[in-house]
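Worksheet: one structure, shown below.
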Amino acid sequence: MVEAIKWHGDHLELLDQRVLPFETSFVQCRTAQETADAIRNMVVRGAPAIGVTASYGLVLALQNDASPQAFHAACEVLAASRPTAINLFDAIDNTKEGLGNPAGWQNPAAEAERIAVAYHQDDLAKNKAIGRHGAQFLAGQRRVLTHCNTGSLATSGWGTALGIIRQLNEEQRLTQVYANETRPFLQGARLTVWECQQDKLPVTLVTDGMGGHLMNADMVDCVIVGADRIAANGDTANKIGTSMLAMAAHFHGIPFVVAAPTTTIATKTLTGKDIPIEERPHDEVSHVRKNPITAPNTAVFNPAFDVTPAALISAIVTEDGIFHPPFKFN
Ligand SMILES: CSC[C@H]1O[C@H](OP(=O)(O)O)[C@H](O)[C@@H]1O
């Protein structure tokens, strides 16, 4: 199981997901700003991984300057790195609350480090529970279509949707994984395929437009995806292209399952309309690995996420179990 995030006590080491699987290189962070830049630039990505990384960014901030003013400035810098994944804000609030008691500020850097390490370990435990619940729920489903990357690279290890897929494989109940390439950042083609190959999962790469054909040809038993923010009513923000998969699955009567830890559930976000959708740099769409795929100065729209209405979601799997519609998280 690959480790995307490594804490070394005085710096953070991130596996650079912008260049996998072609290069294995690492980015070191020693300040909150460097950590925020790594999140914004998608050195590290994936909602749970973003939260864990931000927790360590706050430790670095306190190691550099243990004043409350510097800590709150670091919270702002990290909170501004990416707007959609609620895990980022959950992690920041988790450290804020942990330092809330008077004892927390006696040695805030050490206390924040204890909090961050616990948050990191807790996410791994959540992933394993999601895998168990999801595999139990999907008994008999053997051919899975997934979107983006929701594995060890997007979490503390094991994964959410890919964690369920790993569990199905461990229980010898998986015959096929179709991985959407997931334009424009290619999390599927570059990261999910690589993770599946590392674990000898039966993975086939498909383009983002193939989902309807696979379902029409009866090649898929279920669709499993991750999430970046689940609203109180179950509307779910996930990688751009997810909602179209949900529409196709609904039309074909195929289960569409969202897998996420409860740190991805935003009870104060009432519906999908309240979820901020990140827009990313245009060259992510107009170029692939720095090579242009369109004419210069082409107009581009690059929303990184879309919202799948709760009505299209068959089940939401968290570490607490399986939730069915109508969803009401509070
Ligand atoms: C378990 S990862 C959840 C989620 O995060 C990814 O977004 P990004 O790669 O832009 O950070 C994707 O939406 C995954 O489904």
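Each residue, glycine too, has its Cβ placed from N, Cα and C.
TrEMBL annotations:
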BINDING   Arg45, Gly46, Ala47, Arg82, Gln187, Asn238, Lys239  substrate binding site
SITE      Cys148  site 'Transition state stabilizer'
ACT_SITE  Asp228  active site, proton donor
> Which recorded positions from the list Arg82, Cys148, Lys239 come close to ligand 1, meaning a Cβ under 6 Å from one of its atoms?
Replying inline: Cys148, Lys239
> Non-local Cβ contacts of Arg82 (substrate binding site) (under 8 Å, 6 or more apart, same chain)?
Replying inline: Ile39, Arg40, Ile50, Leu88, Glu278
> Residues near the substrate site, Arg45, Gly46, Ala47, Arg82, Gln187, Asn238, Lys239 excluded, by Cβ within 8 Å of the Cβ center?
Replying inline: Ile50, Ala85, Cys148, Asn149, Ala154, Gly226, Asp228, Ala304, Phe305
> In Å, how large is the greatest distance between any two Cα atoms among Arg45, Gly46, Ala47, Arg82, Gln187, Asn238, Lys239, the listed binders of substrate?
Replying inline: 17
> Are there any residues in the same chain, six or more apart in sequence, whose C-beta is under 8 angstroms from the C-beta of Gly46 (substrate binding site), and if so which?
Replying inline: Ala4, Asn149, Thr150, Leu153, Ala154, Thr155, Gly226
>> According to DSSP, does Gln187 (substrate binding site) sit in a helix, a strand, or coil?
In response: helix
> Rounded to a whole number, how many Å is the Cα of Asp228 (active site, proton donor) away from the Cα of Asn238 (substrate binding site)?
Replying inline: 5
> Three-state secondary structure of Ala47 (substrate binding site) from DSSP?
Replying inline: helix
> Taking just the CA atoms, what is the gap between Lys239 (substrate binding site) and Cys148 (site 'Transition state stabilizer') in Å?
Replying inline: 7
> Counting distance between Cα atoms, which of the binding-site residues Arg45, Ala47, Gln187, Asn238 is nearest Cys148 (site 'Transition state stabilizer')?
Replying inline: Gln187
> If you run the three-state DSSP split on Lys239 (substrate binding site), which class comes out?
Replying inline: strand
>> Excluding near sequence neighbours, so keeping only residues 6 or more apart in the same chain, what lies with its CB under 8 A of Gln187 (substrate binding site)?
In response: Arg45, Cys148, Asn149, Ala154, Lys239
> Looking only at Cβ atoms, how many others are within 10 Å of the one on Asn238 (substrate binding site)?
Replying inline: 29
